[in-house]
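Engineer: Structure provided below as structure tokens; questions to follow.
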Amino acid sequence: MQLKVQPIDVKVGKYKVILNTIDAKELGVHEGDRVRIKNHVTLTAIVDFTEDMISPGMIGLYHEVKEALSKEWTETVEVFPAEKPKSTYIIRKTMDGQKLTKEEIDILVKDIVEENLAEIEIAAFLTATYINDMTDDETEWLTRAMIDSGDKLEFDTHPIMDKHSIGGVPGNKISLLIVPIVAANGLLIPKTSSRAITGAGGTADLMEILAPVEFDAAEIKRMTEEVGGVLVWGGATNIAPADDKLIKVEYPLSIDPHCQMLASIMAKKGAIGADHVVMDIPTGPGTKIKNVQEGRKLARDLINLGDRLGMDVDCALTYGASPVGRTIGPALEVIEALKVLESFEGPNSLIEKSASLAGMLLEMGNVAGKDKGYDLAIETLKNGKALTKFKEIIKIQGGNPDVTHKDISVGEFTEDIIAPNNGYILEMDNKRLVQIARLAGAPNDKGAGILLHRKQGEPLKEGDPVMTIYAEKKSKLENAVKSAKERPPFIVEGMMLERIQSFKEI
């Protein structure tokens with residue numbers, strides 16, 4: 001069928017087209033089926049229907065299809081039905097609880113990267129693996145396929161070090177300290193990080209305050225070899241692109257299949273050529289890992305997968321029931337990290353966690369003896385070498401190396417949340433703290449967030465400030481404060497949690 005082209009300048013993340021229902025019926029295709037579009041080149045796209053947006057005799061091409069055809073643009077194209085990709089049958093096999101071969105996983109990942117699958121099909125695969133976990137072999141094959149799906153860094157100098165946090169703890173700004181500590185001791189650590197999806201600030205959101213974070217793989221390699229380390233946004237690279245596409249579908253489903261989590265973490269480490277990796281596994285209430293037993297199982301699985309991939313993986317189970325440090329939100333966290341680098345002043349939880357994990361990497365990289373890594377990490381902070389290295393990293397990424405914590409701006413609108421009575425902080429709710437910080441504008445508003453005056457186990461008196469909320473916009477501050485007062489993110493010993501009034505039948 002010959003159809004006239006109508007471009008639609010909307011990005012949908014897939015090869016998609018729109019047909020009028022009359023033409024779709026004539027072609028014999030249903031919504032979600034595929035069609036082949038042919039002019040001087042040929043591609044396959046997923047079909048959407050309309051009764052009035054596109055007239056009969058025309059085909060609407062979304063941005064991605066238009067771009068793919070733009071070099072050989074014609075006013076009309078030939079459209080005919082196409083078979084479903086083989087991956088749809090592979091997904092059905094997974095749904096039936098059958099095991100996949102390496103070749104089938106390679107085909108599936110290729111189709112995901114090349115946008116040949118609809119989101120509902122990817123969702124079916126993720127749900128199937130959530131219910132029926134993959135075997136060790138399948139998880140290894142999935143990880144290798146994800147590594148091979150994009151760019152890879154190949155360094156001439158080794159070892160290559162890396163660190164990853166499972167997440168779930170607000171204020172986890174430790175990469176801003178770990179990377180310069182490790183690089184200052186002569187090791188290479190090309191740290192690719194994420195932006196916050198559900199949190200109040202990912203490492204990339206924080207580093208972006210100090211320097212650009214969007215670089216391609218070649219630039220990351222060059223900068224790392226020159227100064228020893230970088231702190232960049234992984235989403236700007238073509239490193240393990242299949243992972244980003246899977247995460248995009250996982251998010252609205254609120255699921256994180258175990259095998260996918262393992263593959264996601266290790267694919268990014270494999271793609272940057274990591275030899276030694278330290279995994280931070282926060283455990284406790286409000287984290288992804290509820291208890292030590294779950295943490296140990298995850299650690300064993302990560303170590304096992306690393307061994308299969310030729311990576312040396314060490315895991316640290318860390319305390320995750322309260323925030324790291326006393327700040328949540330990009331600018332506030334950067335200030336706290338810079339203070340530690342500049343003067344070794346800061347919360348014990350931030351210094352201890354950063355030095356412990358950096359120390360593990362220093363020992364794995366053989367620049368510190370057994371059980372001596374922590375001491376070397378602390379010394380690197382105290383003697384200013386970590387700060388000097390961090391300035392080099394900021395400079396090579398295009399930032400101002402002379403920046404200090406005093407130069408970082410925070411939200412101008414603030415309000416304290418006070419203690420309702422005398423006592424001790426018994427508990428802090430990580431998820432509520434993040435919700436409140438996001439209501440205040442974090443992470444998009446860099447100056448928004450929370451400063452904690454008290455943490456778990458610390459005493460206070462009625463009327464003392466427990467936390468200060470910062471916002472760049474007054475309306476966002478009001479929303480955050482209202483939420484914090486209605487449902488406080490902390491419990492003070494002796495405070496009333498809720499009043500339930502009596503009622504009378506009428």
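One is the number of the first residue shown, and numbering goes on along the chain from there.
Using the three backbone atoms N, Cα and C, a Cβ is placed for every residue, glycine included.
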Engineer: S194, R195, A196, I197, T198, G199, T203, S264, K288 show up in Swiss-Prot as binding AMP; which entry in G168, G320, G325 does that record put in the same site?
Structural biologist: G168
Engineer: What is the number of other Cβ atoms found within 10 Å of the Cβ of G199 (AMP binding site)?
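Structural biologist: Cβ-Cβ neighbours of G199 (AMP binding site) within 10 Å number 23.
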Engineer: Across all the protein chains here, work out how many other Cβ atoms are within 10 Å of the Cβ of S264 (AMP binding site).
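Structural biologist: Counting Cβ neighbours of S264 (AMP binding site) within 10 Å gives 22.
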Engineer: Please give the greatest C-alpha separation between any two of the AMP-binding residues G168, S194, R195, A196, I197, T198, G199, T203, S264, K288, in angstrom, as a whole number.
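Structural biologist: Result: 18 Å between the two most distant Cα atoms.
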Engineer: Near D256 (active site, proton donor), which residues of its chain come within a Cβ-Cβ distance under 8 Å, counting only those 6 or more away in sequence?
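Structural biologist: Listed in sequence order, they are E250, K288.
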Engineer: Residues with Cβ closer than 8 Å to the Cβ of G168 (AMP binding site), same chain and 6+ apart in sequence?
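Structural biologist: Within the chain, G168 (AMP binding site) has Cβ neighbours under 8 Å at P282, G286, T287, K288, I289, G320, N430.
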Engineer: Under DSSP, is D256 (active site, proton donor) part of a helix or a strand, or is it coil?
Structural biologist: coil
Engineer: Would you mind checking how many other C-beta atoms are within 10 angstroms of the C-beta on R195 (AMP binding site)?
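Structural biologist: Other Cβ atoms found within 10 Å: 19.
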